[in-house]
Amino acid sequence: MPQKTKHTPMMEQYFSIKKDYPDCLLFYRLGDFYELFYDDALKAAQILEITLTSRNKNAVDPIPMCGVPHHAARDYIRTLVELGHKVAICEQMEDPKQTKGMVKRGVVQVVTPGTFTEFSGQSDNNYLVAVKRVFDGYAVTYVDVCTGELRGTILTSLDALRNEFSSLANREIVVDTDELVEELREVIEYFQLVVSHHQMKDDFSDFVPEDVLAEVATAELVPAFELLLDYLVVTQKRSLSHIQKAEEYHADHSLMMSLEAKRNLELTTTIRAGQKHGSLFWFLDETKTAMGTRQLKKWIEKPLILECDILRRQSLVESLMDNFFERADIGDLLKTVYDLERIVGRVSFGSVNARDLLQLQHSLAQIPQIRALIESLNEPAWEVVLRDMDSLPQLAGLIDCAIDPDAPLSLTEGSLIKKGYSEQLDTYREAMTNGKQWIAQLQQRERDITGIKTLKISYNKVFGYFIEVTKANIQYLDEERYERKQTLANAERYITPELKEKERVILEAEEKSAKLEYDLFIKVREIVKGYTEALQRLAQAVATVDVIQAFAAVSEQYQFTKPVMSFEDRDLQIIDGRHPVVEKVMGRSTYVPNSIQMNEDEHILLITGPNMSGKSTYMRQLALCVILAQMGCFVPASSAKMPIFTKIFTRIGAADDLISGQSTFMVEMLETNHAIRLADQYSLLLFDEIGRGTATYDGMALAEAIITHIHDHIPAKVLFSTHYHELTDLSQKYPGLRNVHVGAVEKDGEVVFLHKIMEGPADKSYGIHVAKLAGMPDSLLANAEEILTRLETMADNHQAEMVAGNEVASQNEVSPAQNVVTPQNEVSQNEASAKNKVASPTVAPMQNEAASQTVATAQNMVAETSKATAHISPREPQDEIAQLDLFTDIAPVLAIDPQQQSVIEQLQTTNISNMTPLQVMLLVSQWQEELKGSR
Ligand code: ADP
Ligand code: MG
């Protein structure tokens, strides 16, 4: 900070305060403004688009300065905090009128992204997170300043941390070392977190309930809770009596979904628009209260994994499904229950107003009826919820007696307290009313005496009560009786001793009454504070009722069915399942339901089918059914029997993900690696068109190698969609793999997608048809058809050569079994695609032949078996030919050059049993480069 000139005492004070808040914008109160100086001013002026001025304009080094009016500060602060800045609010701690010299100033609150309570239109949780490094990972704790929710867990990896942050959607983290920031850098950047460094000051215990950490069993978590609470107290500087008892939880006690899985499945927001609309959350959100909405989101983020918990929720849902009228009534009652959690938070902060208390009372008044309706259901599973559903009649009664139903928002203007609540207050009010009546009578009397009809008695803040007479009428006044107070253009104002006396009585009563009302209100507020815990429990119970009624409403409206759940029995059978969101958007009658069956023996489904036929939808449909079922909701199917999963992984390699601009092949491989390393028999894996992000052959090589690996090592349930038709032959080799495809029929030259899942592999990919659907120009489409036919013919010719000679294969010492074209295959293909006359193998140029073997060898190596019978499909789908051959010269090269020979040798000698799929991929891609160079 420049200090060339000697600073005024005020600036000295500013510096002394600012030095404690280096990472905040300091709002320095000066009369009716908050002023910002130096860099703070430069930054704020730019962001808030306010005028930048300067202090000491004529000095050598004027101080940059900008300001915002005190009464409008909230909006400016919101803007800054929403953009990730922190604001320290520095107030005048003394009345300037009564102080000589410098007014004392101090920071009263630091507003930070993680502690801000007034984001526009927000009813979501806003979590502040603290992280501490512990022996075996990270201690993560978080708090919602509004609701007082306080939780913590130990996470053992950065991945787990990333997943947790994605659920919490926090904007800020508190840490105590630079090393940790370094370690978390990637996560911090990914979520664009505001990082707050904090060192324990150890003074939080006076502000939060004493027993707040009493139930934390894991000692390693305690320091992370302390760091969090200490930071909270240091920034908030106010009572935090609503902070709930810290709750410890384990991330693996709920269904684990990676951040990518949640994103891809569009659980709470859509991938493209990032909006709630179109997500599962949007679909399910039939909740009526803010508490219910927040709870629903939490349940979606963390579905259950314990059978008993799932069954209990199912019973709750079922009881409301079976009782339509009760459910409808409960829904109506919930509509008028306000956000209890937030009201309790405001009570604790001291920012609650009379209207909040009236809302609280109104909400409490609904509880007995909700209870009665639930009790009438006779479902024992509700008992736990009912236990916390205390309608707190004493509290409701108190608010009812004390608070005026027409109370204003302000606490200082009176009219807060109901008549009859305080005798003293009623006396003051009587004095006020009597006084005012007396004044009204006086006005009449004066008119009678003077005969001036327009004479009136009014009030203003400067002169109090006065008698006003127009200039024209002054002549009728007996001036002796009146004291002139003010002269206006066409009137005079007077007072009289008796008027002044009455005025004193009235004003005194008003002042006393306003003060008494305020005091009484604060007393009521303190009593409400005593109910904090009970109200928080009630809020939780209400939230549960709300989400369950939403589940029931949705399940009924969309004809969901109760799934049979089991942890032991791993058979999966969903009959006529649907994707709830796609169905809702496109309409029930248009959506084609699809069944799915898997068991421990057949646990991999390989899904083929034309583009746009419904492969991705089918896969996501299963994942959403799993998530719905494990939240305790019913599922969109006519019947469902489902094993309970503990982890879901997804890898969407298709064009679907390219839209988000996040998909690189590296990301694809990292995610795949993550999935195959962590998956077990209780996992669900969705691999959607994996390998699409790279060239055809290494993509296909990896896809096949991944399937092989899964088949051999991971007994998880796996859905694998692919555009590599070659892979469908794997079903012959792997008993655990079954082919299904999405049906399409050709009618009068037009292809009709049936969106129906059928047994067996698909026969072709209809790429050009999709292009047609997309509205591409006719000439372009015709050209594509032509090119396709040419490619097919070339492939045919080459096939003929290959079948005749098969020299290349023997030259390269590939066992004949790896590359045979069985007559059976030929027949079936020819049958399958009369129009599509592609025969096997399609790859004409030598380069491609060598690449084929790359594939075969890579597969063999990953499978760790030298005898693996990697099968090169006798037929290439059109899009692959197009991919390869449109960009390369198609002339066959029959001789092997030294570079190709070198690649082949490397293939034979490389031992990849210790390599990761990614390393294999890199190697394969390097070979490819070499082969390209060889031409
Ligand atoms: P793919 O992954 O095979 O390219 P998608 O799953 O993305 O296809 O589906 C493409 C479109 O087809 C969807 O956007 C939807 O409009 C429609 N669709 C998918 N499945 C169905 C279905 N079961 N019933 C009706 N329409 C469907
Ligand atoms: Mg797809």
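Using N, Cα and C of the backbone, Cβ positions are placed for all residues, glycine too.
Remember, it's a predicted structure, so these values are computed and weren't measured experimentally.
Over in TrEMBL, the protein carries these features:
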- Gly609, Pro610, Asn611, Met612, Ser613, Gly614, Lys615, Ser616: ATP binding site (BINDING)
- 683-699: domain 'DNA mismatch repair proteins mutS family' (DOMAIN)
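Spatially close to Gly609 (ATP binding site) yet at least six residues away along the chain are Lys615, Ser721, His741, Val742, Gly743, Ala744, Ala762, judged by Cβ distances under 8 angstroms. Screening the binding-site residues Gly609, Pro610, Asn611, Ser613, Lys615, Ser616 for a C-beta under 6 A from any atom of ligand 2 leaves Lys615, Ser616.
Considering only the binding-site residues Asn611, Ser613, Ser616, the Cβ with the fewest other Cβ atoms within 10 Å is that of Asn611. Same-chain residues with CB within 8 A of the center of the Gly609, Pro610, Asn611, Met612, Ser613, Gly614, Lys615, Ser616 CB atoms, the ATP site residues themselves not counted, are Val742, Phe753. Cβ-based neighbour count (10 Å, all protein chains) for Pro610 (ATP binding site) stands at 23. Around Met612 (ATP binding site), taking its Cβ as the centre, 18 other Cβ atoms fall within 10 Å, counting all chains.
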